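Engineer: Per TrEMBL, the feature domain 'APS kinase' maps to 26-176. The ATP binding site annotation in TrEMBL covers Gly34, Leu35, Ser36, Gly37, Ser38, Gly39, Lys40, Ser41. Per TrEMBL, the feature active site, phosphoserine intermediate maps to Ser108.
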Amino acid sequence: MKLSNNIIWHYMTVTKKNRHDLNGHKSCVLWFTGLSGSGKSTLANAVDYALFQQNCRTYVLDGDNIRHGLNSDLSFEEKDRKENIRRIGEVAKLFVDSGIIVSSAFISPFRDDRQLVRNMFEKNEFIEVFVDCPIQVCENRDPKGLYKKARSGMIPGFTGIDSPYEKPNHPEILIDTKQMTIEQSVQKIMDYLNEKQILS
Ligand SMILES: Nc1ncnc2c1ncn2[C@@H]1O[C@H](COP(=O)(O)OS(=O)(=O)O)[C@@H](OP(=O)(O)O)[C@H]1O
Ligand SMILES: Nc1ncnc2c1ncn2[C@@H]1O[C@H](COP(=O)(O)OP(=O)(O)O)[C@@H](O)[C@H]1O
């Protein structure tokens, strides 16, 4: 059932294109997805910094941070993860509409949910970055001690242990953080943005 009837879209005078022209670059979302500990937050932060250094308008949306506020009512059950990603997709869309280059760092374990977000955007605006890293490596890194807790049964439904992660089939960018350094990864992403003429 549609909950909101009689709602009519109001078109604003300042367009997304106007904002791109003002900023000197286009806007997009770099959608980092991968296991906990794969390096999503590290890379989102590093790319954000690299872009900021080039005078780009940027922002990071990070799973842990958003779950402290906007999505603090959501759990890690499948239906709540779905709602988590849907809301972040909508927030990212607002940022992209405002001319900003968004780096989002959410596990976003389900293909359908990522596809739903992709469908919210225009062509070339949604850039899926698969932060690929074997679970053994993530578990060795265990930057927050969560794998240890999950293995001891303290966090039921932990992604990669007893909750699934569905790898992207055709990500725009694949980063193997077992093999690549943070600097190499940032360079690969910057090269992609330049190649797609997002930064010009
Ligand atoms: N059950 C379970 N499974 C996975 N992760 C868990 C869980 N419980 C808490 N955490 C912590 O929450 C962070 C993931 O939040 P996300 O919003 O990115 O998850 S999701 O996209 O809704 O699946 C995740 O952050 P990252 O480690 O940065 O990925 C964890 O720190
Ligand atoms: N090549 C790499 N790329 C990204 N992170 C790396 C890499 N090598 C080691 N790390 C480390 O792995 C950890 C990844 O943690 P984090 O970025 O919080 O991952 P996630 O956000 O996916 O949970 C950090 O401590 C980071 O310093």
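Cβ coordinates come from backbone N, Cα and C, glycine included.
In TrEMBL, annotation is done automatically, which means it is predicted and not curated.
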Engineer: For Ser36 (ATP binding site), list the number of other Cβ atoms lying within 10 Å of its Cβ atom.
Structural biologist: 25
Engineer: Please check each of the recorded positions Ser36, Gly37, Ser38, Lys40, Ser108 and report the ones with a CB atom less than 6 Å from an atom of ligand 2, ordered along the sequence.
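Structural biologist: What lies within reach of ligand 2, judged by Cβ under 6 Å, is Ser36, Gly37, Ser38, Lys40.
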Engineer: Looking at the binding-site residues Leu35, Ser38, Gly39, Ser41, whose Cα is closest in space to that of Ser108 (active site, phosphoserine intermediate)?
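Structural biologist: Nearest in space to Ser108 (active site, phosphoserine intermediate), counting only the binding-site residues, is Leu35.
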Engineer: Which has the fewest other CB atoms in a 10 Å radius around its CB: Gly34, Gly37, Gly39, the listed binding-site residues?
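Structural biologist: Across Gly34, Gly37, Gly39, these binding-site residues, the one with fewest Cβ atoms within 10 Å is Gly37.
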Engineer: Looking at the binding-site residues Leu35, Ser38, Gly39, which have a C-beta within less than 6 Å of some atom in ligand 1?
Structural biologist: none
Engineer: What other residues of the same chain, not counting Gly34, Leu35, Ser36, Gly37, Ser38, Gly39, Lys40, Ser41, have a CB atom within 8 A of the CB centroid of the ATP site?
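Structural biologist: Leaving out the recorded residues gives Phe32, Ala105, Ile107, Val131, Cys133, Cys138, Thr177.
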Engineer: Go through Ser38, Ser41, Ser108, the listed recorded positions, and name the one with the sparsest Cβ surroundings, counting other Cβ atoms within 10 Å.
Structural biologist: Ser41
